[in-house]
Structures are given as structure tokens and as C-alpha cells.
Amino acid sequence: MKADVLAYLALAAASFVATVTGGRSSSRRKHKEVFLGENSKFKFGGRIDYKLKRQDSTKTLLIKSEQLLRIEEHDFAMRPGFGGAPIPVGIDVQVESIDSISEVNMDFTMTLYLRHYWKDERLAFPSGSNQSRTFDSRLVKKIWVPDVFFVHSKRSFIHDTTTENIMLRVYPDGKILYSVRVTVTALCSMDFSSFPLDTQNCSLELESYAYNENDLMLYWKNGNDSLRTDEIVLSQFFIEHFQASSGLAFYSSTGWYNRLFITFILRRHIFFFMLQTYFPTMLMVVLSWVSFWIDRRAVPARVSLGITTVLTMSTIITGVSSSMPQVSYVKAVDIYLWTSFLFVFLSVIEYAAVNYCTTLEEMRKMKRGKIPSTFNASQAMAFDGCFHDNDIELTTFPRLAPTLTSEPLTSPTQSSDIRPIEGTRLRRQRSVRENVDLLVSNSYMIDSYSRLAFPLSYLLFNTIYWSMYT
């Protein structure tokens, strides 16, 4: 009996010792964990803090927004209200700038803010303050947005400095504002028949790529007020006005689509081309008339002046053509340049005719004996400037009384025998040959007539030209 009691006491004592020992070791372990935790926090930032540090806070907020908008509960590959009426999408555009207009490529580059307005009830969320939530491009990739594109665009891109210029604003009732800042280069079919006195009509067209009018209805949200522009200043054009309009486009394989138009009219500034093209051309034409006042026997002076003006006109025409597209019709500037070139060219031809007639006149006078016998053909050519010989000594011609009539073709004896019949009235008309002989005998008259005919003709041409194109 005593043995059992002793055994029981010994077992109880052992159990008590074990309990005390276990509690201490457990307490030590807890203190050790806390100590290690503080150590790790001091050295490594702590395990809990380290995990939180690896998790992006913005993505955490985005996950909460996705939960609020219930994005995972819906299939946003389908448009809102699929199978029902077409979803209306309002468009609002603010033109920031027109960066460039190229006549050679027939296009323009424009930077604008493109805003979309629609309603998607799948994104409605409860809000006590009725405040909207604004997101960036990361949420845009998870929901449905209109697939608006630019018709006839060559290049376009969304600005991404310092981040993508995309804004998404969701209202509690499911209304959405989606805005992007985009630069687009689009085709502009230009008509250069009146260049540079022309007015160009360009348009930027917007349309849904996949959804026809049965699924999506594009419209200007505020009518004509949907198109707003900043103060735009261009170097060569003046923007007369912007206009917003809409229409329908038909594709044989997919049907009818709503299309929106941003139309703007450009009127070209003429002053640049007046300085670079028209004024130099006028000066070259007037310069070519100077040869009419230079002595007809000064061959080097008149020929060099004529050739110089012709080459200068060729350079001006080449410079204008190189900056223009290769069109198959005649432009207004072409008419002016080539007509001016014709006036310059005719001034050279005029002197060639004067020089030829002068030579023939001297040869005839020499044959008829009105020139001293000491002259021969070589002397006459040398005096006229067409032939030069240093060994020939030139003497002056005897002064002749100027006459406006040509020499008779028949001899005096023959003409004296021909008498008109009594009672008849004669009216003598010169034949073509006699008129030609008159000009040949009086070659200086060609210069006299040219001094008046060329300026008057060019003045008449300018009057008609500027009245037609201005």
C-alpha cells in the first residue's frame, strides 16, 4: 500500500516537473521567435513587410476596382446590350494642332483629343456620393471600348509620354467617358488647278471598324459644338472654318456604317509665292525688254541679255516644279510661268529677226550702189556685228533720208509707161511681199513696235490672269 502511494507521488512529481519544463521551453521559443522577428525586421525589413513590398499598391487598388465594377462576372468581348438595339456612342473632338500639310504627298497631320461617350450597365457600381472613378489604360484593356478608326489614314499613334495618354472615367450609373490623345496623318485629295491661288477642302473621317449601324451608332455628342479647336496658325495656309458632319458609308460585304466627318477649308497665303515666284518672273520679263532699246548692231549685248533671261526663267520653272506633285493637268502657276517664258523667248527671236533684216538691208543697199564701192559684204557684216575682222577699216555710211515706202519693183522707165485709165479711181494695197520688203528696208521699225507691243501684251495677260484666279 505504501509502495503504491510512493509510486503515485513519484508519477505526480514527474508530471509536474515535465509541465514546468515544457512551459519554460515554450516561453523561450516564443521569446526566440519574437527576437528573431525583431532581428529580421532590423536586418531584412521583416518577412511580413517584405511580402507587402513585393506587391504593387496600384495593382492592389486596381484589383479592388475590378471587384467593385464586377469585371470578372461579365464577358466584355461582347458589346453592351448585345442582341438588342444598337449602342449609341457619342464623339467629341478637340483639335490641338495641325502639324503639317504636304502638297507632294497630298496629306495632313493633325493632333487631337478624341473622346467617346457611351453607357455600359455592366460597369455600374453603388456610390453614396455619386462620384465617378477615373482609371488609366490598364483598365481599358479589360473592358469593352468602341473600335473607332480613322478612314484614309496613313499613320496614327497614341501619345505615350510620360505614360499612355488614355483616360477612362466610369460613373455610378454605368456611363463612361473614354479619352485618348492621338496624332493622325490622313489623305487629303487636293486640286492644284488653281495653285497657288487655291483653296483646299480636307476632311478627317471616323468610323467603327467592326460594328455596322445595326450594332453601333456613332453621332456627334453636342452637334456642331462637338468640334472644338485651339488657335491654330499655319505658315502657308489660313484656316477658314471647321465643320462637323455625319453620314453613312456602304461596304458590299459588311453593310452600312455610321461615319463622322471633320471638314476644314484651307486658303493658301499668296504672299510667299509672290516673293518667290511671281515678282522674279515679272522682273525677268521686263529685263528682256531692255534689249529693244539697245542698238541693233550691238550683238554681244543683246544676245547675252536674251540668253540670261531665258536661263533664269528655266531655273524658276524647275524650282517650282520640284516642290509640287507630278499631276497630269496644268496649274495656274504653270500658265503664268510658261507664258512669261514665252515672252522672254520671243524677245530673243525678235532680235534674231532684227539682226537678219538689218543684214539684208545693208546687202541690198550695197548692191544698188547706195553704199560706197569701198564697202563689200564683209564690211557690211562687220558693221552689223555679225562678222568681225580686225583688218577691216569701217567708214561711215552716207546719211540717207528715211523713207517709209519700199523701193518699187519695176524700173522708172517701165513705171512711167503705165498710166491709169481716165475716170477710174484707184486704191493701192500693198501685197505681203511688199510689207515684208518694207520691214526689211526699215528693220529699226521692229524694235520700235516691240517697245510698245510687248509691254501692252504682257499687261493684258496679267489683267486676264489675275481676274480669273483671284
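Just so you know, glycine gets a Cβ as well, placed from its N, Cα and C.
Confidence for the domain 'Neurotransmitter-gated ion-channel ligand-binding' (71-269), expressed as mean pLDDT, is 92. TrEMBL lists 71-269 with the feature domain 'Neurotransmitter-gated ion-channel ligand-binding'.
Residue counts for the domain 'Neurotransmitter-gated ion-channel transmembrane' (277-367) under DSSP (helix as H, G, I; strand as E, B; rest coil) come to 77 helix, 0 strand, 14 coil. Taken from TrEMBL, the feature domain 'Neurotransmitter-gated ion-channel transmembrane' applies to 277-367.
The feature signal peptide is assigned by TrEMBL to 1-22.
The feature transmembrane segment is assigned by TrEMBL to 270-291 (among others).
Residues or ranges marked as transmembrane segment in TrEMBL: 303-323 (among others).
Nonlocal intrachain contacts for the transmembrane segment (335-358), taken as residues 6+ away from its ends with a CB within less than 8 angstroms of a stretch CB, comprise 277-278, 281-282, 284-285, 288-289, 291-292, 296-297, 299, 302-303, 306-307, 309-310, 313-314, 316-317, 320, 384-386, 439-440, 443-444, 446-447, 450, 454, 457-458, 461, 465. Annotation source TrEMBL lists transmembrane segment at 335-358 (among others).
The transmembrane segment annotation in TrEMBL covers 452-469 (among others).
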Go through the chain and flag residues at least 6 beyond the ends of the transmembrane segment (270-291) whose CB is under 8 A from any CB in it; none is fine as an answer. 196-197, 236, 301-302, 305-306, 309, 312-313, 316, 320, 333, 336-337, 340, 343-344, 347-348, 351, 450-451, 454-455, 458
Sequence-distant residues near the transmembrane segment (303-323) by C-beta distance (under 8 Å, 6 or more away from its ends) are 103-104, 277, 280-281, 284-285, 287-288, 290-291, 294, 333, 337-338, 340-341, 344-345, 347-348, 351
